[in-house]
Amino acid sequence: MPYEPTAPLQQLRTDAVFAELGTSPRGLSTAEAARRQQQYGTNELPHPRRKGLWRRFTTQFTDLFALVLITASALTFAAYALQDPRDVGNLQLAFAILGVVVLNAVIGFVQEYSAERTAQSLQAMVPHTCRVLRDGERQELPSASLTPGDLVVLEAGDAVSADCRIIEAHGLTVNNAPLTGESSAVRRVTEPSETRTALESRNCVFMGTTVVAGSGKAVVFAIGATTEFGKIFRLTDEAPRQQTPLQREVGAMARRVAALAVAIGACVLAVRLQTGQPLVDTFVFALGVMVALVPEGLPATLSVSLAIGVRRMARRQALVKQLLAVEALGSTTVVCTDKTGTLTRAEMTVTQLWSGGEPHAVSGVGYAPVGTVSDADAVRDLLWAGVLCSDARLVPPADHVGWRVLGDTTEGAIHVAAAKAGLDLDALRNAAPRIAEFPFDSVRKLMSTVHETPEGRVVCVKGAPQELLARCAGVRTGTASRPLTEALRATVTSADDAMATRGLRVLGVALRPVSAIPGTSEEAESHLTLLGLIGMLDPPRPEVSDAVGACQRAGIRIVMVTGDHPLTAEAVARRVGIVTHPSPTVITGTLLDGMDTAALDAVLASPGELLLCRVSPEHKMRVVAALQARGEVVAVTGDGANDAPALKRADIGVSMGATGTDVAREASVMVLLDDSFASITAAVELGRSVYRNIGRFLTYLFSHNIAELTPILVATFVGFPLVPLTAVQILAIDLGSDVLPALALGAEPPEADTMERPPRSRRERLFSAALVRRFLFLGAVQSIGVCAVFFWQVRSSGIPFADFTADTSAYRKATTLTQAAIVVGQFFNALAVRTDRQSIFRVGLFSNPRLIVAGCGGVALMAAISYAPPLQAVFHTAPLAPVDWVVLVGFGVLLLCAEEARKWWLRRTPLPSKLKKEGRP
Ligand code: ATP
């Protein structure tokens with residue numbers, strides 16, 4: 001039974017809301033929450049009803065290729081039925097074509113099904129949590145555990161997890177677009193409203209919407225399917241079927257090749273009719289040629305290899321939400337990265353305080369409040385105000401987990417330092433309850449709270465020192481306050497710089513007694529008295545230096561974009577290797593504001609090391625747009641709510657799985673499960689290798705098409721009356737030796753030099769001149785072997801061309817040789833295309849075991865076709881002699897050697913390189 005309010009909640013005052021929902025400003029008790037969960041169920045939307053497996057399988061038969069092939073099969077069957085006497089070969093061909101259709105449908109179905117399962121399991125990897133007050137304690141819980149009466153805490157960037165009535169709001173602004181379609185964000189209030197429905201009132205928030213700015217608290221009144229979102233929400237059972245430019249390109253190419261195949265089929269038909277062959281036979285033959293040349297398996301193989309890429313990336317902690325990202329990652333030229341959490345561990349430890357003109361060292365590491373503060377009395381007020389002006393909580397060890405911080409780690413670190421200085425955090429907060437607040441935002445770079453203390457009301461403000469200093473009138477020295485003179489300002493600034501140069505994140509803390517609660521943040525944050533500075537260390541992640549080096553070798557420029565102090569940013573950038581030059585280009589938000597488009601473009605055009613500091617999300621957005629205008633492919637990291645526009649605008653928006661806001665995750669195409677920069681590098685490497693693998697199987701597939709076609713064309717033009725390779729044999733090759741090795745090539749691990757090359761140009765097409773040259777080369781070499789064995793067999797029989805019939809044993813042996821030559825050649829071809837420039841012997845001939853197994857499977861099938869009497873009857877084949885196999889393998893080795901020679905030639909010319917790191921001009 002869902003919860004039904006007895007009165008419209010939007011019309012009630014907040015105290016009445018608590019009474020109605022049987023809760024209080026301390027939230028529900030844990031026991032009561034558990035009881036209500038039993039009564040009302042979990043906060044989840046019902047699972048969608050899926051289309052039946054059978055229906056999903058049958059829809060595979062409705063795509064263009066399938067329809068073309070089914071028509072071809074029907075025509076062949078009609079030819080069989082109408083012919084007198086009937087030719088069993090045509091019946092076999094009709095079934096063989098149907099076999100291709102079914103095989104493709106199975107691959108398509110399995111691929112779609114597994115893509116859907118992958119998407120589901122990947123989704124489950126990103127936790128959906130919310131902050132709730134239970135027993136007066138702030139807790140982070142799975143959103144599914146919310147129940148009516150729960151008191152949720154909302155902050156900018158949160159996704160709202162249930163329908164709630166607001167009981168506290170500080171600039172709380174919500175975007176209702178997913179629910180109402182209105183795109184403008186609406187400020188939310190706590191006052192009762194007269195509106196008829198909750199949806200119309202401004203004192204409620206709803207599941208599926210997001211908090212754009214501000215903060216607040218709200219009581220849950222509807223969960224799961226009973227929410228407004230739940231009522232209108234119908235989860236579709238279709239897996240998202242967006243196509244990336246790459247898929248579109250391959251699709252278009254497959255269709256073009258199909259058209260070409262039809263044209264070739266028509267030519268063969270015309271030529272053979274000229275030579276007086278019977279119409280039905282010739283027609284069926286031309287149809288077989290066409291069907292064999294159509295690259296039916298291509299789109300499915302492509303999707304499978306993209307899906308493998310997505311799964312591999314997830315294993316390397318990069319969760320890709322759109323296939324598009326896999327493709328774009330390979331051509332990324334610039335990564336704009338955050339600092340905290342991405343390059344550093346986001347484990348803040350206050351190591352230095354500055355107050356009264358004196359530095360004070362803090363000892364101890366991590367969040368355990370174990371350590372000392374030198375001259376603790378001198379920094380007591382600084383830490384007191386710092387703790388009051390923060391939302392984080394320090395949580396003691398429990399369940400084998402040590403001390404940890406709930407909320408912002410910057411704030412958590414202040415709590416730890418305060419505890420080390422001997423302050424009682426709970427007592428301190430209880431003695432000075434918060435009565436108003438202006439939450440932190442990355443444009444102001446400040447946060448303020450108003451408190452009722454025994455000495456009267458005070459505003460506590462903390463934030464970026466320079467922003468704070470601009471709003472200060474005095475500085476506390478000892479117990480007295482001194483006016484902020486220019487000399488004092490310089491002293492504070494040099495203390496700030498000294499800490500920042502050591503890579504510390506620095507926050508200033510200030511205070512002001514007030515009589516009334518300030519109405520705006522401007523009012524609250526003025527005439528302040530600076531209490532001091534807090535410097536915290538955030539060590540770089542150990543894996544980042546290597547990842548930065550790899551990006552640089554791969555020709556990818558790394559631009560650090562941070563809200564932090566330029567000196568802090570530079571120190572961290574130096575530690576991880578982003579900056580090596582003595583004087584990198586440092587652009588601050590203020591500088592950026594003064595730049596016009598041309599000036600910004602000039603800065604971005606210079607190849608030196610670049611740091612963007614003290615910037616807001618709007619600046620980030622502008623830089624991304626400017627880089628894109630220069631033709632760069634930009635990956636951008638972001639975690640805050642305001643980062644969403646930049647994440648959407650970027651070619652690859654990257655959000656943080658562990659610490660990012662819901663809004664950022666929503667706006668990004670890739671989520672880093674561990675927040676680490678190293679995962680971006682890993683994803684780029686995989687993105688590049690997926691693209692190259694696709695190139696590999698295209699080369700593999702198209703070169704063998706040439707080897708199938710050439711002997712037929714040669715026979716047609718030299719006047720040999722029969723075909724060197726029958727249509728059924730061609731289909732056997734396509735089914736037996738093509739599909740599995742192509743898939744195995746799609747799963748090839750990244751080549752060792754993947755990150756030694758410059759990024760792929762965005763304009764570069766998959767069907768580049770290099771790719772076409774390569775498959776023409778491989779196809780030509782293979783064709784020489786194939787034609788040689790066929791005509792050698794025909795010639796050595798001594799029978800004149802005109803005397804050959806389908807039953808001549810030399811002819812049967814010759815076609816068997818043609819087929820086997822292609823199958824064996826493909827085995828070596830698959831090995832040859834595994835590397836682009838490197839010798840295959842350096843990578844290891846057998847280092848992709850799946851490929852070896854798939855290739856051997858193809859050869860075994862060929863052997864069965866050659867030796868098993870039932871298959872001999874179907875394929876009109878004859879047993880091959882051991883010496884035949886030796887010759888075929890010889891041609892295969894020749895193919896491998898020819899390709900090795902080509903690679904050796906390529907290696908003599910160095911790669912084009914953008915990789916030279918240049919200093920600032
Ligand atoms: P980074 O690149 O380090 O992740 P950022 O771009 O996320 O930084 P912000 O979080 O916007 O930067 O912080 C900018 C500045 O605002 C910080 O250098 C710090 O001085 C200040 N600041 C950060 N967090 C808070 C907070 N919770 N309260 C007050 N001030 C803060």
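Glycine is no exception: its Cβ is also placed from the backbone N, Cα and C atoms.
In TrEMBL this protein carries:
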- 8-81: domain 'Cation-transporting P-type ATPase N-terminal' (DOMAIN)
- 64-82: transmembrane segment (TRANSMEM)
- 88-110: transmembrane segment (TRANSMEM)
- 253-271: transmembrane segment (TRANSMEM)
- 283-308: transmembrane segment (TRANSMEM)
- 775-794: transmembrane segment (TRANSMEM)
- 814-831: transmembrane segment (TRANSMEM)
- 851-868: transmembrane segment (TRANSMEM)
- 880-898: transmembrane segment (TRANSMEM)
Remote residues contacting the transmembrane segment (880-898) - C-beta distance under 8 A, at least 6 residues beyond either end: 777-778, 781-782, 784-785, 788-789, 813, 816-817, 820-821, 824-825, 827-829, 831-832, 840, 866-867
Long-range neighbours of the transmembrane segment (775-794), counting only residues six or more past its ends (CB under 8 A): 698-699, 702-707, 710-711, 714-715, 720, 724, 801, 804, 810-811, 813-815, 817-818, 821-822, 825-826, 829, 832-833, 884, 887-888, 891-892, 894-895, 898-899, 902
Within-chain partners of the transmembrane segment (64-82) [C-beta distance under 8 Å, separation at least 6 from its ends]: 88, 90-91, 93-95, 97-98, 100-101, 104-105, 254-255, 258, 280, 283-284, 287-288, 290-291, 294, 296, 299
What does the DSSP secondary structure composition of the domain 'Cation-transporting P-type ATPase N-terminal' (8-81) look like, as residue counts for helix, strand and coil? 50 helix, 1 strand, 23 coil
